[in-house]
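K.L.:
Sharing a structure below in structure tokens format, with a few things to ask.
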Amino acid sequence: MIKVYRYEIVKPLDLDWKEFGTILRQLQQETRFALNKATQLAWEWMGFSSDYKDNHGEYPKSKDILGYTNVHGYAYHTIKTKAYRLNSGNLSQTIKRATDRFKAYQKEILRGDMSIPSYKRDIPLDLIKENISVNRMNHGDYIASLSLLSNPAKQEMNVKRKISVIIIVRGAGKTIMDRILSGEYQVSASQIIHDDRKNKWYLNISYDFEPQTRVLDLNKIMGIDLGVAVAVYMAFQHTPARYKLEGGEIENFRRQVESRRISMLRQGKYAGGARGGHGRDKRIKPIEQLRDKIANFRDTTNHRYSRYIVDMAIKEGCGTIQMEDLTNIRDIGSRFLQNWTYYDLQQKIIYKAEEAGIKVIKIDPQYTSQRCSECGNIDSGNRIGQAIFKCRACGYEANADYNAARNIAIPNIDKIIAESIK
């Protein structure tokens, strides 16, 4: 199991902040170039492969065409001379990040459901695990030694060794760091990030450890239904217990922020024409800060929701969580579900569930809101409005979200539904 903890960089040891900041900014520029170029090459290879398949009846072998077994190798060969300041291992990790992301979303890109990934200015710097080490000094400071530069860049910048930095370690971060130093946790690929709003640099240390094992029953399943009025509804088949997370705070926050954003845009639109240049930048900055506020609220809320969900699954002894596959979320017809990042919430649930030893299964949600969780009858008329479910066949009546969550908690429910509607 891999987790991440963020440590603030206090200062570099062998450089002043101006020198260190210059190095990090230059590496950010090269990282951005590498990510975008690798994505471009992956896109071009996908297009070439598709045309080749149409003309020859089979996909090309990258070794024959590119001279490398995969796009990652070809991209590294193409990019390394232009992103020459980056440590070779870190550059390889950066290119892998771009090609892996492109591959993960290739189908969505082809369908037109999402645009080709692009990377902006303040992006993380990658560090492979071999290029980061941490130690505690006799006076108590924690030092992280980082291999950031290639040999030519070291000569160019007059840096003779690894760059060492003092990091702030306290609270839960101290426990994690002490376990890393004791060998209980292992450092894995990490990142350096910049918080533009605070103008601070952080070291995101990833660490690997064996998750605690709990006695959980795989046959006990929690079903999760995602909605609007109730953001998350949790139900089970082995117990009448139910839990829910109201969606009101999310919707209220979204409306407030959207209203504020529109107001800011109008103010910028009608501002005097003479207020150009830096004046425009000043007007845009609050809008950018609003975006940060939205992102922070989303991240915090989804962390809180996912923790509660997994905790309730453990409480009920569930070894399995089943939830909706939201790949085609737009087909659901809810604009709210599109606005709120349910994908991010699901990723956090999966992450925390796996950490607890819980299996996560995604199911096709079609008809789960129309099916009676008591008798299995499927009828669009069973759903009376947004909140009430009443079965036309057996008369079972319940909260509509609870009924859907109970259906989702049934093993192989999507297959059962597919058979029943044939």
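The backbone N, Cα and C atoms fix where each Cβ goes, and this holds for glycine too.
Sequence annotations record features per position, and here Swiss-Prot assigns active site to D225, E324, D401 based on similarity to another entry. Here Swiss-Prot flags C372, C375, C391, C394 as Zn(2+) binding site. Here Swiss-Prot flags 1-126 as region 'Recognition domain (REC)', drawing on similarity to another entry. Positions annotated as region 'Wedge domain (WED)' by Swiss-Prot: 127-211. The annotation region 'Linker' is assigned in Swiss-Prot to 212-220 on the grounds of similarity to another entry. The region 'RuvC-I' annotation in Swiss-Prot covers 221-370. As annotated by Swiss-Prot, region 'Target nucleic acid-binding (TNB)' applies to 371-399. Per Swiss-Prot, region 'RuvC-II' is recorded for 400-420.
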K.L.:
If one measures from the C-alpha of D225 (active site) to the C-alpha of E324 (active site), what distance in angstrom results, rounded to a whole number?
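P.N.:
Pair distance, Cα basis, whole Å: 7 Å.
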K.L.:
To the nearest whole angstrom, what is the C-alpha distance linking E324 (active site) and C372 (Zn(2+) binding site)?
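P.N.:
That comes out at 17 Å between the alpha carbons.
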K.L.:
Considering Cα atoms only, can you say which of C372, C375, C391 is the nearest neighbour of D401 (active site) among these binding-site residues?
P.N.:
C372
K.L.:
Can you break down the region 'RuvC-II' (400-420) into helix, strand and coil residue counts using DSSP?
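P.N.:
Going through the region 'RuvC-II' (400-420) residue by residue, I get 17 helix, 0 strand, 4 coil.
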K.L.:
DSSP on the region 'Wedge domain (WED)' (127-211): how many residues come out helix, how many strand, how many coil?
P.N.:
21 helix, 36 strand, 28 coil
K.L.:
Can you check which residues sit near C372 (Zn(2+) binding site), meaning Cβ under 8 Å from its Cβ, same chain, 6 or more apart in sequence, and list them in order?
P.N.:
I378, N382, F389, C391, A393, C394, Y396, N403
K.L.:
For the region 'Target nucleic acid-binding (TNB)' (371-399), would you mind checking the mean pLDDT of the predicted model?
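P.N.:
Mean pLDDT for the region 'Target nucleic acid-binding (TNB)' (371-399): 93.
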K.L.:
Which secondary structure state does DSSP assign to E324 (active site), in the simple three-class scheme?
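P.N.:
DSSP assigns E324 (active site) to strand.
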K.L.:
DSSP says what for the region 'Recognition domain (REC)' (1-126): how many helix, strand, coil residues?
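P.N.:
Each residue of the region 'Recognition domain (REC)' (1-126) counted once, the result is 76 helix, 14 strand, 36 coil.
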